[in-house]
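Q: I am attaching a structure below and will ask some questions about it afterwards.
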């Protein structure tokens, strides 16, 4: 008989989820909404999410074809690297090491507390995307991931503004929570400053923002909700609202669908604007702090 049976595997995945903590899971959390309301919300949101994905993909593919055709005789755009871009910079390697250490400690906490299932939450998935972007050389796949994750950062803002930390009891577990969510902003801003292949869509274009919105809602109302109902684990608050949710109540998912659509569509644009303004501002401050050169006779 195998040492790790099916039951022990399930215990390893979510056996440490304690339903006595508010908003963590359990039968009461799973029954927070009636099945009729949950089904109706899921059908409506999943339908809208699929429409958003299809519309966004249609416009993205059309734009890709137009860019590929270009002027007569032109060649499709290729992802090229300048010689200096091919070399891994020290700052990029340090950021990759810091992110891997932070996420590695977080994964260790999940194993130690038998809550590995929480690694399916969006913030952890975006962290994995950032590790991929820092480790992988620029290519078409990396550019797609970069443009998608730019509009998946609103979860980090919510986690910082309305933290759910009542289950983080191990030493330094709380600190890792904040460090990881701050790093979710550091990596994309660094890649924007680095430039090169990692160029966001124009501020006036919302194709990738719409695609990210559709993918996020589809993931929440399909994968996370189904797994949450089966395991009675409140994955990213799909079963019941968080204790810090300002819209706590039976309609919290309707409110969340509205404000998260707005945030997903606009938050990434604000991050891009901030990166554009922060670069010249930092350069200006450094110039002010720089000591004047001594005149040599």
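Cβ atoms are placed via backbone N, Cα and C, with glycine included.
Quantities reported herein were computed from a predicted structural model and do not represent experimental measurements.
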Q: Between 63-83, 210-230, I'd like to know which one Swiss-Prot lists as transmembrane segment.
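A: Within the set 63-83, 210-230, Swiss-Prot attaches transmembrane segment to 210-230.
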Q: Tell me if the transmembrane segment (262-282) touches the transmembrane segment (142-162). I count contact as 3 or more CB pairs below 8 A, with pairs 6 or more residues apart.
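A: With 3 or more qualifying Cβ pairs, these stretches touch.
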Q: Would you mind listing the long-range same-chain contacts of the transmembrane segment (40-60), meaning Cβ under 8 Å and 6+ residues beyond its ends?
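A: Beyond its ends, the transmembrane segment (40-60) has Cβ neighbours at 33, 207-208, 210-211, 213-215, 217-218, 221-222, 225, 253-254, 257.
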